[in-house]
Amino acid sequence: MKTVVFAYHDMGCLGIEALLAAGYEISAIFTHTDNPGEKAFYGSVARLAAERGIPVYAPDNVNHPLWVERIAQLSPEVIFSFYYRHLICDEILQLAPRGAFNLHGSLLPKYRGRAPLNWVLVNGETETGVTLHRMVKRADAGAIVAQLRVAIAPDDIAITLHHKLCHAARQLLEQTLPAIKHGNILEIAQRENEATCFGRRTPDDSFLEWHKSASVLHNMVRAVADPWPGAFSYVGNQKFTVWSSRVHPHASKAQPGSVISVAPLLIACGDGALEIVTGQAGDGITMQGSQLAQTLGLVQGSRLNSQPACAARRRTRVLILGVNGFIGNHLTERLLREDHYEVYGLDIGSDAISRFLNHPHFHFVEGDISIHSEWIEYHVKKCDVVLPLVAIATPIEYTRNPLRVFELDFEENLRIIRYCVKYRKRIIFPSTSEVYGMCSDKYFDEDHSNLIVGPVNKPRWIYSVSKQLLDRVIWAYGEKEGLQFTLFRPFNWMGPRLDNLNAARIGSSRAITQLILNLVEGSPIKLIDGGKQKRCFTDIRDGIEALYRIIENAGNRCDGEIINIGNPENEASIEELGEMLLASFEKHPLRHYFPPFAGFRVVESSSYYGKGYQDVEHRKPSIRNARRCLNWEPKIDMQETIDETLDFFLRTVDLTDKPS
C-alpha cells in the first residue's frame, strides 16, 4: 500500500520503521529542518529516510498549493503523521482514499494540542498513553483507531516518560498497521465533552513560582528536566536551573522563595518545601544542591525570585485607546486585577470606567483620538503594548455614516499603527469577525477562509473592508519591518456594559441591547428579515480572558498570529436570542415594573438599516489558533450571559416613575 509520511523526532523514526516492517511502500517523507536552538537528543527522520533510499523533503509550508499538487502526483492510498509539527491542510488529507492517520502522545481526547508529554507531568498525571486516530480538519479530533495506556511513575521525568511512550507506540503500531492495511479497523468517535487542549510550551514557561506548592514545582522540574531546557529561578539577576528536585514535607512559616537550609538546599514554597537536588548556575556545569547554594552565594534566609530583580521593578505599560468602551473597560478591570500592569487610557467619556479613576495604576485622559494625536504618539512611545479599540462597530452606522466609519475605523487607526512601527511597540489590534463577510465555510478559519464581501454599492461592507485592509497593513509591517503584532477577531461578545439603552434608542447598538430596549419600552422586537441569521455569542468574561492571555503572550506564542475569539457552541439565530431573552425577562424580579411584551415583528433589512445593507447567514469561528496559542477554551453558556446582561441593563433603568 502506497503511503506518504509526515514525521519528526523519535516517534517519526519508529513510525517509519513500523510502516516498512508492515509492508507499506513509502513514496515520500516530509519532515522539518532541525532548530539550532533546540537540543537534538532524538533520531533524525531525514537521515533515516536517506539511509532507506526514500525521497525526503522539509518545506517551510507543506500546505502550499505547489506541495499539495506534488503530493497528489504521488497518489498515496493512505497518509500517516508521526509527530509532524505543523497542521496538515484538508486538501492533503483528502488525497488518500483510505484516509490519514496521526500518532498522538496522549490518551485522546485528553491533552490535544502541543507537548502532551510535558503537560501531563506539569499537571501531575499518573497515566498517559499513545493514540492512533484518523486525521480531520481539526487538530487531534478524529476518531480513535487504537490506544495504549502508559503508567507515569512518581520518579518519571520527561525523558524516561518519552522512552515509555516510544515503546508503547511501537507496540501499538505493530498491532494496528496491518489492520489498517487490510481495512479491518474499528473506529471510536472522541467524546468532545471530555476533550482538553494545551498549547506549545517554550523555555520561558518553566519559571518556578515559589508561591505554588512544592509538589506543583516538583512536577514542573520533572516535566522539563534534561534534555529539555529545565525549570529555572533567579537570585537577584542571576538565573539558575533546577535539574532535579524532591518534595520535602517541611512545615515552615518562611516566606515562599526563602532558603530554609543550604545543605540540603531547601526552598520554602506556598505549601511545603522543595529540595533542589541538582542544578546549574547560568551557563555553568551541573552540580549538587549544596554546591549550587555556595556558587549562588545563598545562605539561610536568602530569597529567590521568579524573574530577574531588574525586571520585577517595572510594570508593563498598556495603552488602551477607547478604554471606556465595552472591551476597554472590561479589559482594564482584568489587567488591574494583577499587580504587574500600568494602564493608560483615552476616551471621549468615562461612565464605564469611573470605578477605576482612583486606582493608582490607572491613568485616564478624556479626549478624542482624532484631536489628541500628540498625546497618543507620546504614550505609544512610552508604553509597551498598544490596543487601539476605538471604532464604529454598529451595523446601522455602516449604511448611515459610511465615510465617518472609514475616517475613524481606518484612517485614525492607521496613524496609530504607524506610531507602533516608528517606536517598535507591540500592537494588539481588534480585527473583527465581519472580515469573513459572506464566507461559506462551516467554520471561519483565520489562516484559510476566504474573506468575501458584497459589491461597492453595498456600503454596509465599508467596516469589514476597512478592518480587513488594516489587518493586511499590519501583517505587511510585521513581515517587512518587524512590527510585533497580534490580530484578534471577536465573535459577538456580550455582557454587561455592551452599548447602552440610549444608543439603542437611536438604533446605534448591538442586537441584544436593542432587544432589551424593546422589552423595557414595551415595543415589538424587530426581527430583521425574519431573524434567521445565526451568530455564535461569546461571554465577555471568556473573551477578555483570551485577550488577557494575548497581552501576557507566554513564550511569545501570539506574535504574528490572527486569533478568533468566539464560542462555536453558543450558536443561535437572532430569533432564538430574542426568545431566550424574553424567557429570562419574564422571570426577572423587576419584570412587573415594565410594560407587557409587544410581540415579535418581522421587518425587511432595507427598511431598518437603509439602502445598501446585506446580511450574513452564519458566522461560526474556528478556535484552533486560540487553543494553540492561548491554551484557551470558552466556558460560559449563552443563557448565563443573557441573564447577566439583561439584569445589568434592567438595573440601570430609573424605576421611580414606573408602576410597582
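The backbone N, Cα and C atoms fix where each Cβ goes, and this holds for glycine too.
Remember, it's a predicted structure, so these values are computed and weren't measured experimentally.
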Per Swiss-Prot, Asp368, Ile369 bind NAD(+); matching candidate in Asp347, Asp351, Asp384: Asp347
Listed in Swiss-Prot for the (6R)-10-formyltetrahydrofolate site shared with His86, Leu87, Ile88, Val136, Lys137, Arg138, Ala139, Asp140, one of Arg47, Arg52, Arg114, Arg170: Arg114
Cα-Cα distance maximum in Å, computed over every pair in Asp347, Asp368, Ile369 that the record assigns to NAD(+): 8
Rounded Cα separation (Å) that holds between Ala393 (UDP-alpha-D-glucuronate binding site) and Asp347 (NAD(+) binding site): 16
From binding-site residues Asp347, Lys526, Asp529, Lys532, the one whose Cα lies nearest Asp140 ((6R)-10-formyltetrahydrofolate binding site): Lys532
Distance from Asn102 (site 'Transition state stabilizer') back to Arg138 ((6R)-10-formyltetrahydrofolate binding site), taken between C-alpha atoms, in Å: 12
Spatial neighbour of Ile369 (NAD(+) binding site) that is closest, considering only the recorded positions His86, Asn102, Val136, Ser433 and their CA atoms: Ser433
For His86 ((6R)-10-formyltetrahydrofolate binding site), the one of His104, Lys526, Arg535, Arg619 that lies nearest, given that the recorded positions are compared by Cα: His104
Inter-residue Cα distance where the pair is Asp347 (NAD(+) binding site) and Val136 ((6R)-10-formyltetrahydrofolate binding site), in Å: 45
